[in-house]
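Copied from TrEMBL, the annotated features are:
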{"type": "DOMAIN", "residues": "27-99", "note": "domain 'Mur ligase N-terminal catalytic'"}
{"type": "DOMAIN", "residues": "110-301", "note": "domain 'Mur ligase central'"}
{"type": "BINDING", "residues": "Gly112, Ser113, Asn114, Gly115, Lys116, Thr117, Thr118", "note": "ATP binding site"}
{"type": "DOMAIN", "residues": "324-449", "note": "domain 'Mur ligase C-terminal'"}
Amino acid sequence: MITTTLGQMAAMCGGTLSQEQHRELPIQGVFTDSRQIKQGSLFVPLVGERFDGHAYAESVLKDGAGATLWQRDRGEAPAGAVILVDDTLAALQTLAEAYLAEVGCRVVGITGSNGKTTTKDMVYTLLSTTYKVHKTGGNFNNHIGLPLTILEMPADTEIAVLEMGMSGRHEIERLSQIARPDVAVITNIGEAHLLQLGSRHEIARAKVEIISGMKPGGLLIYHGDEPLIPTVLGEAETVKPEGLRTFTFGLDQSNDDYPTGMMFHSKGIIFTSLLHPEEGLDLPLLGQHNVINCLAALAVARHFGITEENIRTGLTGLHLTGMRIEQIVAPSGLTILNDAYNASPTSMKAAIDALHSLKGYHHKVAVLGDMLELGPQEKEFHAEIGQYAAADRVDVLYTYGPLSEETAEAARKIRPDLSVFSFTDKAELIPHLIKRVHAKDVVLVKASRGMKLEEIVDALVKENLQK
Ligand SMILES: CC(=O)N[C@H]1[C@@H](OP(=O)(O)OP(=O)(O)OC[C@H]2O[C@@H](n3ccc(=O)[nH]c3=O)[C@H](O)[C@@H]2O)O[C@H](CO)[C@@H](O)[C@@H]1O[C@H](C)C(=O)N[C@@H](C)C(=O)N[C@H](CCC(=O)N[C@@H](CCC[C@@H](N)C(=O)O)C(=O)O)C(=O)O
Ligand SMILES: Nc1ncnc2c1ncn2[C@@H]1O[C@H](COP(=O)(O)OP(=O)(O)OP(=O)(O)O)[C@@H](O)[C@H]1O
Ligand SMILES: C[C@@H](N)C(=O)N[C@H](C)C(=O)O
């Protein structure tokens, strides 16, 4: 993590010391939450929706923080080690930019509607076989999370793998300018945050912003099955860095790399591809979508010269961030696919396909909750998922949430024989589900983050079921 003097930090973030006597004060690290004070670190008070961090600046100094930023329009700064700035968020981002330039590592930026975190974890695992790699923790992928990730980076980092998220235009543009990627990945264009962007074309424009800060001669690796990406790349307003190279991956054989064989097994998928035709690569993850994510990660790995042997070794040690089609076997023997982190139509269909690909279970049960932020077509999207699930892909369907009533209704319409149960109260859904499932069943649980379906996963794990 960043370790320097307060005077240096002031210069790096464009601020000025309130008192010269603190210039040589050693500072290690940065934090933004007084509820998680880091001793000897710089506190960055951010103005948020519920709180103004400036209210805590004086107390954190008393409680061991090394120093604090202070936004000039917030009244009189506290006494002590203070850097005065015009905008604390902008200063945080500028500080991160300066530290990244000082470390001088290479940067992989990853964006897309679905699969950023998954692909980031895959890229990290493969590159770590050979390099000292730093990656985004969890889902810290926005205008605050990305700078914090950079500032946490060890000074001897060789490659930084940074996830870039957005829910509006020009957010990824800013992140790309901070991170200056050498390599950028666009995993796919789905429907996430359609409410804010208005169309998939606008989502594609937002994702292609990742090239705006790329270094000259950089490599863009993108999902070639998605026509909107080359369309946006060809648009007049899309400014491309000098010497930009591109590489495509996907199912279609027009891509630079695509799967040439896939064998699904209970814990993952063994696959070959055009560029990896030797004996199959064993991906310890469920879902064809994860093979596609892996093709992107393999392209990054090859770019940095990771050997085939290290790729194989790396994949065996792959661990994903939780709640991404995470396979759990409960003490009762019940298998649960915990895909409860988030949901949009593309990822919902991918999860249903993953459930459908499994063999050897008594019943395939899907517990599907509302998909949020989809805009005016949200009901149609939920009905589409009901039709998709009911078309011979699941044996039992539970839905949770008001929008998911559309999912249930659409499923019943095309499959009157299918067992479909819809709820708007988890306290009613959970006992009904527990009574219904059998230890030899497999249950998929998926919805948007706001539905908190991990509560259903937790209940299923705890319960002793009928054998
Ligand atoms: C600003 C901030 O960091 N807020 C965090 C804070 O929220 P809280 O509601 O408590 O406070 P405020 O935001 O109002 O507070 C302002 C600051 O004051 C600090 N503070 C508050 C109280 C106190 O007693 N002492 C204090 O010092 C406070 O820390 C603030 O700095 O706490 C929450 C609980 O820990 C945090 O969740 C909240 O963090 C917000 C959500 C945040 O953005 N955190 C980033 C580090 C981050 O990357 N979080 C990711 C989620 C990113 C995400 O959603 N990405 C989207 C795409 C990007 C969308 C973009 N437009 C956006 O708006 O984010 C995606 O789809 O992936 C994560 O947590 O996973
Ligand atoms: N290529 C893909 N196509 C469709 N769905 C995918 C793909 N990759 C991952 N998913 C699914 O999307 C969901 C989110 O996965 P992940 O967290 O990796 O994506 P993300 O882009 O980081 O999400 P977020 O925008 O919240 O950061 C999970 O349900 C996962 O199974
Ligand atoms: C939580 C955020 N990363 C996200 O994915 N939001 C959408 C709406 C979801 O939770 O599905």
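Note: Cβ is positioned from N, Cα and C throughout, glycine not excepted.
Keep in mind that TrEMBL annotations are predicted by a computer and have not been checked by a curator.
Note that the structure is predicted; figures quoted are calculated from it, not measured.
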Using DSSP three-state counts, the residues of the domain 'Mur ligase C-terminal' (324-449) come to 51 helix, 30 strand, 45 coil
Using DSSP three-state counts, the residues of the domain 'Mur ligase N-terminal catalytic' (27-99) come to 28 helix, 17 strand, 28 coil
Within 8 Å of the Cβ centre of Gly112, Ser113, Asn114, Gly115, Lys116, Thr117, Thr118, which other residues of the chain have their Cβ, at the recorded ATP site? Ile110, Thr119, Thr187, Asn188, Asn293
Cβ-Cβ neighbours of Ser113 (ATP binding site) (radius 10 Å): 27
Proximal but sequence-remote residues of the same chain as Thr118 (ATP binding site) (Cβ under 8 Å, at least 6 apart): Leu285, Asn290, Asn293, Leu320, Thr321, Arg324
In chain order, residues whose C-beta lies under 8 angstroms from the C-beta of Lys116 (ATP binding site), counting only those at least six residues away in the same chain, are Ile110, Asn141, Glu163, Met164, Gly165, Thr187
